[in-house]
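A.B. asks: Below are the features I grabbed from TrEMBL:
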type: TRANSMEM; residues: 21-40; note: transmembrane segment
type: TRANSMEM; residues: 46-63; note: transmembrane segment
type: TRANSMEM; residues: 84-109; note: transmembrane segment
type: DOMAIN; residues: 129-218; note: domain 'CAAX prenyl protease 2/Lysostaphin resistance protein A-like'
type: TRANSMEM; residues: 181-198; note: transmembrane segment
type: TRANSMEM; residues: 205-225; note: transmembrane segment
Amino acid sequence: MAERLQRFISSTAGTLPRIPPAAVCLLGVAVFNTLFVFHGAGLLDVWWGLSAALLLLIMSAMGRRQEYARAMLDDLRQGIFRKVVLGAFAGVLLYGVFAAGRWGVALLWSGGVERIAGVYTWGAGRSPVELMLILGFLIGPGEEIFWRGFVQSYAEKTTGLRTGLFVMTGLYAAAHLATGNGILLIAAAVCGLYWGLLFRTLRSITVNVISHAVFDIMAFVIFPFS
């Protein structure tokens, strides 16, 4: 299966423009913010828009640097059960951090609760099952493959491990600027740093994907913070 995925990535990526890696990283920030602007104007469904954008970004990134695709596919070949367990634990742990943060926001800043609730308007009108599938199988994995698997790996390779981590975290937070939601920007920075450290420590995109999917499903579907 991993070999078929590798062939698919190679053949599909060859049909896309060969954009320099640094430009692909910045393109991710621009695309995310553009989607948030259009969504705010009522012109775009943010969930499907992000899913489609992530697919194109991933194909562009992996077409330019296929060694990252190979590394991620190799990660699927061994220790899957252990990685799933670690990822699920990491996702639950991050949810606990945010639950404590939500309590602190409610205690110290009443307006912050409204800001948190504003994020949940994105899922209005969707069934829990649909939202769970989008977050668990499209957006969560897509964000990890692009932001950690490509952006962080490239930034670490060109600037060093520590600087690369902070570059990725800054870009990931900047990708949410157009939401105009301060709480969401802080959350994006915290998540970016957390998942960045997780990826730097374990070097497993599988763990990150499971962690992101578990966190998103818990935070948006099962136990929302609003």
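Cβ atoms are placed via backbone N, Cα and C, with glycine included.
Automatic, uncurated: that is what TrEMBL annotation is.
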A.B. asks: Just to confirm my parser: what is the rounded mean pLDDT across the domain 'CAAX prenyl protease 2/Lysostaphin resistance protein A-like' (129-218)?
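C.D. replies: Taking every residue of the domain 'CAAX prenyl protease 2/Lysostaphin resistance protein A-like' (129-218) together, the mean pLDDT is 96.
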A.B. asks: Count up the helix, strand and coil residues in the domain 'CAAX prenyl protease 2/Lysostaphin resistance protein A-like' (129-218) according to DSSP, in that order.
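C.D. replies: Output for the domain 'CAAX prenyl protease 2/Lysostaphin resistance protein A-like' (129-218) reads 83 helix, 0 strand, 7 coil.
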A.B. asks: Would you say the transmembrane segment (205-225) and the transmembrane segment (84-109) are in contact under the rule of three or more C-beta pairs closer than 8 Å, pairs 6 or more apart in sequence?
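C.D. replies: Yes; at least 3 Cβ pairs under 8 Å.
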